[in-house]
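Trainee: Supplied in C-alpha cells, the structure appears directly below.
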Amino acid sequence: MFQHTVKAPALFAGVGVHTGAYTRVAVRPAAADTGIVFVRTDVSGSDNRIAVSPEAVCKTQLGTVVGNAAGVTVSTIEHLMAALVMLGVDNAVVEVDGPEMPIMDGSALPFVRVLDRAGRREQQAPRRYIEILAPVEVIDGDKRAALRPAEAFEVAFEIRFGSQAIGTQAIDLPMDEAAFRDELADCRTFGFLHEVEALRAMGLARGGSMENAVVIDGDRILNPEGLRRPDEFVRHKALDAIGDLFVLGAPVVGRFEGVLAGHGLNNALVRALAARPDAWRVRTFAEDLAEAV
C-alpha cells in the first residue's frame with residue numbers, strides 16, 4: 001500500500017556488456033515520490049542526474065539507454081529496472097561511475113540478490129500504479145507490443161527464430177514478485193556468435209562473453225552449462241519488457257503482450273500509452289482499499 005525505498009545501499013560492480021568498462025554501482029535510499037534517478041558520479045556538476053521517464057529514453061539499440069538534456073547517458077538499465085519494480089522499490093538513487101550498467105551474469109538475479117541484502121524500507125506515501133483502461137498497441141511489420149486492461153499485471157511474449165536452438169517460444173504468466181523471482185529473474189540475455197563479431201566491429205559487445213550471455217552458433221548453444229530453462233530465451237525477453245515498462249515511473253496493472261518485440265518497440269508502446277490519457281490512469285492502493293470498504 002505504501003511506497004518503498006532500499007533500507008541500505010545496494011552495492012555491486014562489473015563490466016558493461018557493450019563498453020566492456022568496469023563500473024561500480026550504489027543503489028541508495030531516496031525520498032518518497034523521487035522515482036528512479038541515475039547519477040553519473042564520474043561526471044562533475046549538476047548535469048550528472050537522469051530522472052527516469054519515457055522521454056528520458058534516448059536509445060534502444062540492444063539495450064535501453066536513458067539520458068538528460070546535457071547529453072549524459074546511462075545504458076543497459078533494463079535488468080536493474082525490472083528487479084526494482086518487481087521487488088517493490090519505488091524510489092532510489094542509482095549512482096554509477098561509468099556510462100553503462102554492469103551486465104553481471106546477463107540476468108536480473110544478481111540485482112535481486114543485492115537488493116534483498118539491502119532490504120526495503122516503507123515510506124509514508126501511498127504507492128501509485130498505472131491502471132490500463134483501454135488497449136494500446138504498436139506494430140512494426142510482424143512485431144507488435146500491446147497493453148490491455150486486466151485485473152493484475154500479466155506478461156505474455158512470443159519469439160520466433162530460425163535457429164533450432166531457439167525456435168518458437170511463448171509464455172503467458174500472471175506476474176508479481178514471487179512469479180518474477182521464480183519464473184524470470186534468472187533468465188539470461190542471449191545473442192548469436194556471428195552477430196557478436198559484427199557488433200564488436202562496431203565497437204559494441206566488448207564486454208560480452210559466455211559468462212554473461214547465452215551464445216548461439218547456428219543451431220548450437222555454445223555455453224558449456226547449457227540453458228537454465230528450456231525456454232530461457234522468451235523468458236528473458238519478458239524480463240526486458242518489464243524493465244522497459246518501469247520507465248513509466250510506477251508498476252502497471254494491465255496485460256502486456258509482446259510478439260518479436262525489442263527495446264525499441266517496448267519504448268514506442270510506453271510513449272504511445274503516455275500520449276493516450278484516455279487509456280490509463282494513476283491510482284493508489286490506498287484508494288482501492290477505501291473503495292473496497
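FYI, residue positions are counted from 1 along the chain as it appears here.
Every residue, even glycine, has its Cβ placed from backbone N, Cα and C.
From Swiss-Prot, for reference:
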type	residues	note
ACT_SITE	HIS263	active site, proton donor
BINDING	HIS79, HIS236, ASP240	Zn(2+) binding site
Trainee: Quick check for the class: what is the C-alpha distance, in angstrom and rounded, between HIS236 (Zn(2+) binding site) and the residue listed as 'active site, proton donor'?
Mentor: 12
Trainee: Express the distance between the Cα positions of HIS79 (Zn(2+) binding site) and HIS263 (active site, proton donor) as a whole number of Å.
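Mentor: That comes out at 12 Å between the alpha carbons.
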Trainee: List the other residues in this chain whose Cβ sits within 8 Å of the Cβ centroid of the Zn(2+) site residues HIS79, HIS236, ASP240, in sequence order.
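Mentor: What remains near the Cβ centre is GLU78, ALA82, SER107, ALA108, CYS187, THR189, LYS237, ALA238, LEU239, GLY243.
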Trainee: Around the Cβ of HIS236 (Zn(2+) binding site), how many other Cβ atoms lie within 10 Å? Please give the count over every shown protein chain.
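Mentor: That number is 26.
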Trainee: What Cα-Cα separation, expressed in whole Å, is found between ASP240 (Zn(2+) binding site) and HIS263 (active site, proton donor)?
Mentor: 7
Trainee: Indicate the candidate from HIS79, HIS263 with the smallest number of other Cβ atoms within 10 Å of its Cβ, considering only these recorded positions.
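Mentor: Per-residue Cβ counts within 10 Å for the recorded positions HIS79, HIS263 bottom out at HIS263.
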